[in-house]
Structure formats: structure tokens, C-alpha cells
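So the structure is just underneath, and the comments pick up after that.
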């Protein structure tokens, strides 16, 4: 079946738009020299690698799922067990069996296990899960040395649509076809789109793809003056980093605003909007100030009053249309819309000279660079105005700086000193908040200090200085007397013959104590190193910021892309070292570097000039050699001085200059990364930076000594600005790494800080900076430790007398108990509040931090609801103008998640079924605590539409009495919703009785709204009510299914039909066709239909009438009273009558006598109206009394009491005559220690429920016992069998002797004519389902595959004792009925013939497929013979076998 389903799934996948795909790769095993090949959905093997073969192409479609490009299905396994087969499945992001991860040394396996993707063991052709981690479990991307995660998943963020910019889900289903890429299907305009859930047909959520397609220019607004394109994504809800990723997917970037005209244009463009939009401005770098993503200069300021806030973590900026398009800084993890920008950034084109057009010729004391001359005036300090005049007198101007290379030249070669503070030409004197160069050149580059430009305290800080150890910029009051830098155009364009710098050979450049040479050939890292060695030099090292600046100015403007440095981790992966024996004192990594990359380090040119990338050492690039200049006196070795001490309880080693201390805090005292950094700074230190294994071992010793195993600690590691990789917050080099495997992964684009796990591996992980952790501080040896800061007041908010926490104008209650949403809200309202409404990031952050520190791990309900049309509303009716959804949320899972919770670990929100018990947050205004509680609004009475049944304030209708009404669970729910209702939620025993009462005439089970689709074993009502009442049938949930796993049974039915468990619940597969029950609220506009009672007081139900007698009598007097009123004391023969009786007595809340009694029938409980006891509903520990009368208690269960007690009682009238049992015919059943035969009429029956068999095996088991599989010839026999198997329903269903022959005729195995049938509705069905089972729960028949494993029923005639008298005459026909047939007879041979051919006719291929499903029952080496004969304890004798096989040959023509 699985094969057919998957092939059907594949057949509907159309050709969709194929992206030019670096995402695709081949999975390669180096030892086998073979690639994974998906031959079919159930066969994943290997083959000779062929990059053109679609069947060998795979790609990641989520962070942990790999999809076959050919089949659009995902790699998965049926179970997390050794030797499970890896095959292809419909992609399911929630399935644990489809989640893969890369492990150390190219191992690849199921996530969270030590089971690896393996090929070649045990000569198995298919890929398997295997515990071994040898070479056959190691996989790479074909053609590379990289593991499979190097081609990891990149989320594609959708545009417009109705999914709030959610990530495209691949593959997704549209009109029952599957798409693995963006498509234009269904659109006349050709626009490419994607579903944002896997099933668009169900969820209807979509967005357009961030790709170029015909008409995609309409997604952009073009400024007619500049030609720049802008895209306003106001409907999206993404974090800052996600928004930037979305822009970059369109070859754009987040908005940068460099001109006043641009801001005015955007103000008009966004004027109709009100909520904030992300722009590219940020202060993510720990070393520099405000900057635009993408590198545009930050020269125009448009801050909202009060912004930028200095609050830690508010590092990203939004443009707020509702506040005149002003800017404000927020936490980067907030989810907002955003603006993308594409095109030139300036109206004034300006060409920065390249290294090839650099003229020379400058006056004395001036330094040449790229066509200009520069000079620092340090001693003669002037205010900015006079410094400008002085530069102009010399023929120049205050320096303008237009690139990182020019900046680094000034910083490194002009004699800049760390304590300098020098005027440059940037200022906003002419136009406030709009910086310009005094020489009139365009502003193309800025390099601000942290927190700059500030216009601090609203002072007129209109001029700019270059200051500090890094030479970054700050705005200052122009009247301060400072030094200054002048710049002028080169005086001469004549090329001066190049001479040798002092102490260097010709062609080498001098800087400080060293000479440098740019290599002339493209070389690998090794060849470049050899070349430098031959020049008596070495590949360059970089000791500090100044040397880096010199090298940037040396190579940054050159046309080559990379230049090798001497840094690599080839000796020890993860630890970067220079080729010479020098300590790594400085690093300058590019974005995403070094990450998990291993290799050699090269310096980049161009826009990212000077930044370092890790490349394959075999790549070819130019290089820079370095050696000591001649005549330089090398600095002496440092003299040994006594090592400074560390503060008490701090750890260190002689190999580091730092002291370290752990701050392992309780839950209430953990901090965010920013708070931890500020704490460490306050005591004179910094968050720890780990630069070697020695320092890591120091921290490990601290962990072991304090017992802080497995705790998580903040490090100073942070992913800074978009142009940088991970950096240490103290500015030290990132030369040593110890990332956990697969990290850093920036999961969901919100992980920008580093933590260390306190286990022996000491591995690092990137995580959301707002997470609460312990932390590790470091301090320089010998430095004085400052006092620890006192906690801020807001860390310990005041609390009211009744336990509510006060924050601003509101009070909050944080529950410790879990409740459904309805109960939680009732509690809040009882205490003059409601579930919390969250209106701002600060409020969200306060609540999140409080529950993180003080609450449990479970989420908390807040006061948001999601309507059926997926709109958001606050319960108090206030406007939704702030949201904080977690990534991928709301996902409307199962279309029944209408409530919202806040995650404890992140503060983000998730949609959830309202009936799922959670903690909750109540909110009330400070002024509400003295208020009077609002009166409860009475329920408005109303009626139901025709055909619906009224019970209290609900209307019910049962569908399924007509076969065409039956539906799958999802279709049934949609049908109910179409009737303005939902599938029924049964909230108490009274409602259950009402439903059972109305299902009396059903022959079907009926869907309810209960399901565990979203979370296995967590059953919830789809309408969102709490699950406070259940009525599971015996063995449910999780009763056995024929050829179905328990996990497949996710939806719940009320059992109907003539089962003794009618009215109880059973979980079943959601796609099976069943009846269903809809529920709606009453309609106040409809009248309530009055109920009438007949004059005689008897109400008809079914074929009987009942009357509740409201007077208390002893049992015997009650019986007499009923007889005097032409009725009898009521017998209750099935669950329906029980529900009816309980509903009649429930309003009076008193017990009632019923007709069950044991004191009149020799202590056997029987119905006094002579009906057979086939149904009981005993209460716990009943029946207690041996001789007693029985009453129905107020809870509907039956209990025993002495008959002289006085109760109400139920009388019953009925024209039905109790069925009499057929007389037992003479004879007896076989006696055996192994088998227990049960007599009925003229036959004996054996019920086998403990050992299941296929139909063929069951047939021969019966034959071995001298019987045959049961034939059912009368309704009485059917009732007898149903009664006997019903108690066994939780064990198995039972084979009977009916089969379908090749002509399609149904026959009994013993050749009896088919004169009676009892098919389940919808059966018989299926071309290959040729054998019949009797369902234990209902007694009905259904046909299934003959190789399924079931219990079975054998039948044989009673054995007649021999008699010596001649008075009894027996006919031949009677003799045939009563005499058991000998095993070697032709009848037995005929049976065996049928059995053999039925099994063959059932299909060998399908048999072996089912053998796999039932591996626990079927021997591994099953053959045709031993499957049929040799599973039993006894095998046929030789003579029997000979006779049987001979008869098979003789009778073969009769069957085929």
C-alpha cells in the first residue's frame, strides 16, 4: 500500500520553475567512490557518480531535511533503530524520522542519535541506519572535501501574499500537485509564488518569491529623480536579520538613507502606513558606531526624539511611518515590515582612484597616496574653522576620506597616534543632521566610534574628529581647539622613478620595522609560502590594527580578489597559527568567518578591503611577503618580572595574561548577553574571550571545582556588524575556535552571541543574545577588581498583597498551575483582570524576563485570539499594533490553533489550541483592584435549525445515516465549519449521554473534534475547549489496528452500531470515511421547540416506551407497581438505552431501580423480563453483593443494594419478545489441555486470540484440529460469535472461512452454501482483499488481504457418542454434519488446495510487502511450505502430505 501511495504522490508532481541551483549536491562516499542514488520511493541505493543524473541530486529543504530532487520526497526512516532502511517519504517538517545532522569528520546521521547513514554493510544494497561510525558512514558533497551541511538550507522569505513574509515551504501542494520550487501555476500574470506551508490547498497561505521574473519590477517603487528602487514590505513580520536576508535574495539590501531628498521621498511613500519598518541602520559592531548595512555612509540623521536609546540590545533601527517616518532603535529580534533598496546610493558619481592611477609628487612633510597628499598638524591646535583656513592656505582642505583604504593609509602611515584627536573635514554646519565634506566631495565612507554620531545632550556637535586607538570618528563642538589633518591634490603627475624604501630591497615597501612585497604570481598557499621563503621572508603576519591598516592601503585598491597571509589552521583544525612562530595577537575576519571553515586565510580587496576570508589552501591568489628591515634593532626579549596576581577565587594559567571567574547563578539571576557584558565591564573586566586551549582548560577547572556541569555560560563572542564575522567583545583576535559540530548555524536568523557548554567538550554554540544565561568574566592580571553593581530596581518589581507583580500602570499575575484558556481567563476575570494584552517590546521583554526567571519551562497564555479567518484580536478589544511571533509562527497547525502563548525561553509567541493546558499571565490596571466584579452575562436562550438536536446551549446534528454523508476527519470538520459550527466537543458525561442517545439507529462510528494531530498522545478538541472529560473505549487510545501503526490513529470517533461499547471513544486514522457529529451554538432568533410527554407518561425510545416513576419504593414493590401499569421494571439492553435512562433520571439526581436482580435467580444476575444479559454498566467494584437488586446510580453506572431499599424506578413497555436460545443438540466437544471448545447448537467452536496467523495458516491450524475455519450460516450463529469475541476486541479481529475465488465469487472454505452475510458498511471492497475477518467490536465482516495476521475461529460438528440401540436412525446428511472428517480425506485435501491457491492468488509481491510490516510475526526465512505448514507445533505426517499433494494436482483444474 505504501508503495502505491508514494507512486501516486510522485505521479502528480508537475514540472515547476527550476532555479539555477547551487543548492543541489550529490552525496558521496569516498571509500566506496559512489554516490547515493534514489531509484524509487522505496529504494535508495548507490551508483557510480553522475552529476547529470536527477536521481543523484539532493538538496536541503529545511535546517534538517534533505529532499530528493527527482522525486520531491525527503530522506527518512520508519524508526530510529539500527538497520532501519533509508527511503523517501512525503516531506514532513515535524517528523523526527526525517531530521538529519552532520557530525564530526563527515559523519551523517539521524538527529540526536548515534545512528548513521550507511552503505555497504552486510552486502545490503539499500542505504541503512547503522550504529557503526566507520568509513562507510562518512559522506561528503561530491567534488569537494566538505560535509553535507556545507550546502545547508537557506530560507527563502516570501513577499506580499497573505503569510506575513513567511519562509517558502518546499515542497508544497497546490491543486493536489507538488512543487519543489517557485511556480507560476494558477496565475495568469506569470508571477512566481510559493506556499508557506506544505499544503496550500488546506491552509491557503502564500507569498511571491524574491526572484526575477516577468513583471517582478512591479514589486518595486522607482524614484523618478534618482532611478533608485524601493520595496515596501509592510505586511511582513521578520526580524532585522531576516529582513536583510530577504533583501539580499533580491540583489538588494535594507534601506540606507544618505540624502534628504531620499528621506522625503520615503516619507511620502510610507505615509499611509502606521507600523515600523526595518531599515539598514545598525550598531551591531562592538567596535564601531552607527552604520548602514551594505556600506553606505552614515551621513544623514533622522532620529525620533529620544532616540537612539542607549538601552543594551537596541542595535537595529526602524523607520516609523506613524511618527513622520522618523527613526528609532529597537531590539533586532522584533518582527516588523521592512524596506529594501536597489541601485546607486548617491546622486553625485565619484570615482575612487585605483592603485594603477596613483600619481606621485608631494611637498616636504606631506605623504602621497592615490593622487593626494596628506599631513597631520598635531602640535598647533585650532578650532575647526581655523584648522580649515590653515589647510586651505596650504592649497588643500581638511581631509576628506572616501574609502577604507584611504582611511587605513591615514591611520597607518601618516604617523597617527592612539591619543590623537584630529579634525577632519566632515561636518553638518550647513544643514543640521546632514554631514558633508568641507572640500565639497561626496560622502562615500564613514567610520564612527561606538555611540556616534551623538549630538550629545542636544549640543551643537557639528564637526567631526578622528580619535582613539582605532582612529574612528566622533562629532564634537566645533569650538574645541584640536590638531587636524590636511589633504590636497597631488602637485605633480610626473611618475617618479621608484626607489627602494630605507632598509628594504627594490620593489619592497617599508612599514614600521618591516618590509613587504606583493607577490607577482597567482599561487597556492604552500607555493606562496615557498616563494616568500626563497626571498628570505615569510607570508605576512598581522600584529595589530596599524599593520592591518597598512596592508589594506597596500592591496585594497588592487584588481586581484585575494592576497594570502600566513595564517591557517592546517596543523590543528580550529586553531589558527602563523607560518612563523609568532603569537596571533590580532584578527580581522570578514562576515561569517571563520565559522566552521578550515583552510588558509587571505585578505580581501574591494568593498570588503582588508577583511579576512578562509579559503581552500589549494586556491590560487597573490600574496604578501614580509621580513625585518635591514638596520632595525629588534626589540629585546622581555625581561622576566614577577607575574601579577589574580583576585581571590579567580582562575588563570601562566600561559595567559587573563584571570577568569564563573558566575553560575540561580534562575532568578541569569542575564542576557548585553547585561552580562555590562556586569563584567562594571567590575573592571570583560566577558571572557578564549584564545587557546590553555585558557579553555582554566575555565574547565573552574567548572569542575564549582560543580557547574552542563550549565551554559555567556562568552564575549558576538557576531557584530553585517561586514564582520564573530569577534570577541574585548577586541582580541579570534584565533582559536571550539564550535559544537554544526555550529554556528544562526538558527532562524536570531543567533548572534556565543555561549559555552560546561561539559568536557567545552563546545561553543551561537544563540539569541536575549537568552538568559550564566556568564564568565575575565580581568587583566594585576588589575584592581571593582565592586559588583547592584541590581537595577526593575529586576525586582514590587508585588501586591495578593501576589500580583506591578509594572508601570498595570499589575500581572503569573500562574504556577496549567489551565485551558477558558479556565485561565475565568480566573483572571474573577480577579478583576483578563489575560495579558501586550502593546510594546518593553512590556513583552518585562513579561518574558519575569517568566524566564520565575516560571517553569512551559509557555504562558496571553490574551490574543486568532479568528477563523486568521485575524488577530486582543480579548479586551484593543487594537493589535504589536506582535512578536516566533519564526514560523503562527502556523495555524491543524487549523485549530486559535489561542496564543509566549515561549518562556525567548519571549516570542506561538499559536496553540485553546484546550491545551498552559500557564497563563493575567493583567489588570492599577485602578481596577477596588472595582466591583463584572456580573456574568447570562446566556441568551435560543433554538436550533430543523434537523438539529438541542441540548442546553448547543445544537447537534449527526451525519452518516446515508453512506454518501461519510467523510474523512478533515472533510467532516470543513463540512461542519460550512454550517457555521465545528466537529462536536463533548465536555461532560451529560453531553456524552445526549450524543449516545441520538446514535441509537447508527450503523457507523462518528467523528468528534478530538485529535492528537499536533502533538502525539496529547488529545485536544479542534474547537479549542479544554479536555476535562473523556470516555475512551476499552484499549483506547492506542488500540490495535489492522496493519496500521498507533501513530497513524490521530482522530477520535464515537463508536456506534450494535457494539456493547457504543458511545465510547476510539482513535482511528483521520482519512477513513466515517459519520460525523457537528455542533453549533444555539441561535437566539430561533424558538426553542417545547418537549411534550404522552398522557400515560411513557416516552417511546426505539421499540420500547419508558416512564420514570417519581416515588420511592422497595425493588419488589416497584416491580409490582410497573406490572399494575401494564409494564415491567425496565431492562437496559444496550448503551443507547442506558444513555436514555440516565438522561431521564439525571435532572432529579436520585438513583432508580432497574430490572436486574440475583435474589430471584439462584444468585445469578438476570433480567426479570427474561432478556439475556449481553450488556452491563457496572460501577467500580460492582457487583458487590451476591444476592441483591440493582439500581442505576446518579452517575449512570449500576450498583447493587438490598432489595428493601426505596428508590425511584423505571418502567418499560415493549412488544419485543426476548429471543430464546436455540436448543443444544446432542453431542460433546473435544477435551484438550491446549484447546477449549465452546458448544453452540450442533457445533463446537474454538477461538484463538493469542496467536495471530495469516488466513492460510489459520485454515491449516483448524484443519490440524479436525475442524475448519468457521462458516456462519444463521443470524443466531452470528450473534453467538459476536457475543463471544466482543470481550476480545482489544486483542484482535478473527478470520472466518469465507474467501473470494478467481471468478470474484464469495465462498465458504468448507463448501457450505453462502446463505447469510453480515458485511460492514462499504464492504466487501478491494480487488486483492480476498479473505474475510469478523470484527470483534461489532461482529460485522470486512474483507482484507489474506496475508494479514489475525486471530481465528475454528468450527467442527459435535462428537456423538456411539450407541448400541437401534432405535435411533441417522441419515447420511446428518452423519456428514456430525462426524469430523479424517485428515487424509479428499475434503481436507480440497481445503488445502483452496488455501494454497488463495495465498497464491493474493499475490506474492504483496505478501512479502506485508511480511515486512509484520516482522514480529513472520519468520525471516519464510518459504511457501513452512509458511503454510511448519509454523504449527505439529506437521502433517508423510502419508497425509502425499495424499494432500496428490489431491491438489487432481483438483487444480477446478480452481484455476
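Using N, Cα and C of the backbone, Cβ positions are placed for all residues, glycine too.
Look at Swiss-Prot and you will find 35-49 (among others) tagged as disulfide bond. Around the Cβ of residue 49 (disulfide bond), 18 further Cβ atoms fall within 10 Å across all displayed protein chains. Secondary structure at residue 49 (disulfide bond), taken from DSSP and collapsed to helix, strand or coil, is coil.
Per Swiss-Prot, disulfide bond is recorded for 74-91 (among others). Classification of residue 91 (disulfide bond) by DSSP places it in coil, neither helical nor stranded. For residue 91 (disulfide bond), the Cβ neighbour count at a 10 Å cut-off comes to 25, with all displayed protein chains included.
Residues or ranges marked as disulfide bond by Swiss-Prot: 102-149 (among others). DSSP classifies residue 149 (disulfide bond) as helix under the three-state reduction. In sequence order, 101, 102, 742 are the residues of the chain that are 6 or more apart from residue 149 (disulfide bond) and have a CB within less than 8 Å of its CB.
Around residue 168 (disulfide bond), the same-chain residues at least 6 positions away in sequence with a Cβ under 8 Å from its Cβ are 155, 156, 157, 158, 182, 194, 195, 196, 207, 209. Taken from Swiss-Prot, the feature disulfide bond covers 168-194 (among others), and the record attributes it to similarity to another entry.
Per Swiss-Prot, disulfide bond is recorded for 182-209 (among others), and the stated evidence type is similarity to another entry. In three-state terms derived from DSSP, residue 209 (disulfide bond) belongs to neither a helical nor a strand segment and is classed as coil.
Cβ neighbours within 10 Å of residue 486 (disulfide bond), excluding its own Cβ and spanning all shown chains: 25. Per Swiss-Prot, the feature disulfide bond maps to 391-486 (among others); the stated evidence is similarity to another entry.
DSSP gives residue 463 (disulfide bond) a strand state. Swiss-Prot lists 463-478 (among others) with the feature disulfide bond.
Less than 8 angstroms from the CB of residue 600 (disulfide bond) sit 525, 564, 567, 568, 570, 614, 615, 616, 617, each of them six or more residues away in the same chain. Per Swiss-Prot, disulfide bond is recorded for 600-617 (among others), and the stated evidence type is similarity to another entry.
Secondary structure at residue 777 (disulfide bond), taken from DSSP and collapsed to helix, strand or coil, is strand. The annotation disulfide bond is assigned in Swiss-Prot to 680-777 (among others) on the grounds of similarity to another entry.
Marked as disulfide bond by Swiss-Prot: 753-769 (among others). Taking the Cβ of residue 769 (disulfide bond) as centre and 10 Å as the limit, one finds 27 other Cβ atoms among all the protein chains shown.
The feature disulfide bond is assigned by Swiss-Prot to 1262-1354 (among others). In the three-state DSSP classification, residue 1262 (disulfide bond) falls within a helix. The C-beta environment of residue 1262 (disulfide bond), restricted to residues of the same chain at least 6 apart in sequence and closer than 8 Å, consists of 1246, 1268, 1269, 1352, 1354, 1355.
The number of other CB atoms found within 10 A of the CB of residue 1331 (disulfide bond), across every protein chain shown, is 27. Residues or ranges marked as disulfide bond in Swiss-Prot (evidence: similarity to another entry): 1331-1346 (among others).
Mean predicted confidence for the domain 'Ricin B-type lectin' (22-142): the pLDDT average there is 89. For 22-142, the entry in Swiss-Prot reads domain 'Ricin B-type lectin', with the evidence type sequence analysis.
As annotated by Swiss-Prot, domain 'C-type lectin 5' applies to 807-923. The residues of the domain 'C-type lectin 5' (807-923), classed with DSSP into helix (H, G, I), strand (E, B) and coil, number 27 helix, 34 strand, 56 coil.
The domain 'C-type lectin 6' annotation in Swiss-Prot covers 951-1079.
Sequence annotations record features per position, and here Swiss-Prot assigns signal peptide to 1-19.
Here the C-alpha separation of residue 680 (disulfide bond) and residue 478 (disulfide bond) works out to 35 Å. Look at residue 168 (disulfide bond): DSSP puts it in coil. Of all the disulfide-bonded residues listed here (35, 391, 463, 777), 777 has the Cα closest to the Cα of residue 769 (disulfide bond).
In the domain 'C-type lectin 6' (951-1079), the DSSP tally of helix, strand and coil residues is 26 helix, 35 strand, 68 coil. Here the Cβ of residue 617 (disulfide bond) has 18 other Cβ atoms within 10 Å, regardless of which shown protein chain they belong to. Ranking the disulfide-bonded residues 91, 486, 777, 1346 by the distance of their Cα atoms from the Cα of residue 35 (disulfide bond) places 91 first. Of all Cβ atoms in the shown protein chains, 24 besides its own fall within 10 Å of the Cβ of residue 680 (disulfide bond). Around the Cβ of residue 478 (disulfide bond), the number of neighbouring Cβ atoms within 10 Å comes to 19. Within the same chain, the residues at least 6 positions away from residue 753 (disulfide bond) whose Cβ sits under 8 Å from its Cβ are 673, 714, 717, 718, 719, 766, 767, 768, 769, 771, listed in sequence order. The disulfide-bonded residues recorded for this entry are 91, 391, 478, 486, and the Cα of 91 lies nearest to that of residue 1331 (disulfide bond).
Taking DSSP states H, G and I as helix and E and B as strand, the domain 'Ricin B-type lectin' (22-142) has 15 helix, 46 strand, 60 coil. Under the three-state DSSP scheme, residue 194 (disulfide bond) falls in the strand class.
Cα separation, residue 74 (disulfide bond) to residue 49 (disulfide bond), rounded: 20 Å.
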